[in-house]
Amino acid sequence: MREIVHLQTGQCGNQIGAAFWQTISGEHGLDGSGVYNGTSDLQLERMNVYFNEASNNKFVPRAVLVDLEPGTMDAVRAGPFGQLFRPDNFVFGQSGAGNNWAKGHYTEGAELVDQVLDVVRREAEGCDCLQGFQITHSLGGGTGAGMGTLLISKIREEFPDRMMATYSVVPSPKVSDTVVEPYNATLSIHQLVENSDETFCIDNEALYDICMRTLKLNNPSYGDLNHLVSAVMSGVTTCLRFPGQLNSDLRKLAVNMVPFPRLHFFMVGFAPLTSRGAHSFRAVTVPELTQQMFDPKNMMAASDFRNGRYLTCSAYFRGKVSMKEVEDQMRNVQNKNSSYFVEWIPNNVQTALCSIPPRGLKMSSTFVGNSTSIQELFKRVGDQFTAMFRRKAFLHWYTGEGMDEMEFTEAESNMNDLVSEYQQYQEASVSEGEEEYDEEAPLEAEE
């Protein structure tokens with residue numbers, strides 16, 4: 001079967017990862033110690049994508065947990081699903097990276113990386129037919145960003161033909177955890193552009209907004225945010241974990257979603273999002289799901305797709321949904337909003353169906369979009385980076401670990417290139433001869 005090996009690095013990565021395993025264990029009928037209590041054969045059929053069956057009917061996640069300090073690991077171990085993971089798969093250092101990308105990528109992280117790769121190799125050897133890797137991390141810190149990208153490039157070297165998907169928490173515009181976030185993020189994106197096949201961008205602020213605006217939570221905790229992320233991760237991987245009519249795997253997703261190799265940064269969304277109290281008062285319909293899914297307020301990254309155009313997007317519907325209704329709704333969305341889709345990729349919306357809904361819902365949908373408006377996010381980080389780098393603020397922390405200023409300049413220009421590539425495809429039209437301007441685009445849609 002097509003297995004996926006999961007890595008989680010750094011504090012953020014481990015917390016999101018833990019939430020993800022909790023969600024999918026529930027969907028597959030596993031309790032906190034990995035014993036199967038489910039009712040449906042469908043839960044077992046493709047269990048081995050993410051789980052390894054050990055002796056005495058215990059299922060063990062194919063997960064590698066990495067951090068440069070023991071704190072977060074202990075928290076995961078003490079959590080409700082701490083007994084699920086294989087004890088040898090916890091790899092941690094003692095020093096911490098202190099939010100310093102260079103420590104994670106070049107010094108502390110580099111010392112630990114071989115240990116991690118041994119565990120990854122062992123997990124990969126336990127697979128019949130390894131499909132690829134997924135990694136959860138944040139781009140603003142030291143371990144997840146620095147060491148996470150180091151792991152990605154090492155795994156790339158060793159498994160060049162396997163898919164690499166990353167769930168990356170990008171720095172948010174207003175909520176900043178650390179001052180050097182723009183440095184860490186720019187250096188990380190520099191790596192991801194080259195080494196990842198698909199990157200799902202998630203951002204804390206957008207998650208906060210969803211919690212406050214849609215879920216009506218007054219002061220959302222990180223637990224609530226991680227719960228949202230795990231819902232999306234569960235949705236994106238649905239087709240791999242359950243038999244569906246329209247199946248999709250990491251490679252198919254990439255083939256359908258990435259028109260140009262560098263442009264593989266996706267926005268994700270999830271529907272239905274309703275406040276906890278309102279669940280029982282409304283039935284969810286396919287049109288509602290579709291509408292909510294394409295709503296900018298539902299996107300988990302702070303960029304508004306109305307400022308750009310979709311190159312491609314894909315929607316995963318779960319539950320008892322009629323194929324025809326889904327097709328009609330998706331066509332409807334494309335016709336009504338044709339100005340938001342590039343016209344030089346004719347069938348750029350792809351749908352996949354799976355008959356098993358998430359726990360507690362009749363149906364749900366997950367949205368993955370490759371929109372040129374994601375450049376807002378990179379622009380924002382780039383501007384902050386430039387402001388600090390021009391004054392060489394905080395640079396000594398990085399050069400002290402052996403980094404060169406040249407690397408910063410390279411990362412900066414790579415990110416600027418990425419932004420202008422997105423912009424170029426946003427403005428491109430079918431007939432390249434006549435320049436088409438954005439001001440005219442909305443009018444065409446209304447005629």
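Glycine residues also receive a Cβ, built from the backbone N, Cα and C atoms like all the rest.
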(request) Would you identify which residue of GLN11, GLN43, GLN115, GLN291 Swiss-Prot lists as part of the GTP site it also attributes to GLU69, SER138, GLY142, THR143, GLY144, ASN204, ASN226? (result) GLN11
(request) Let me know how many other Cβ atoms fall within 10 Å of the Cβ of ASN226 (GTP binding site). (result) 22
(request) Look at each of the binding-site residues, GLY142, GLY144, ASN204, and point out the one with the fewest other Cβ atoms around it within 10 Å. (result) ASN204
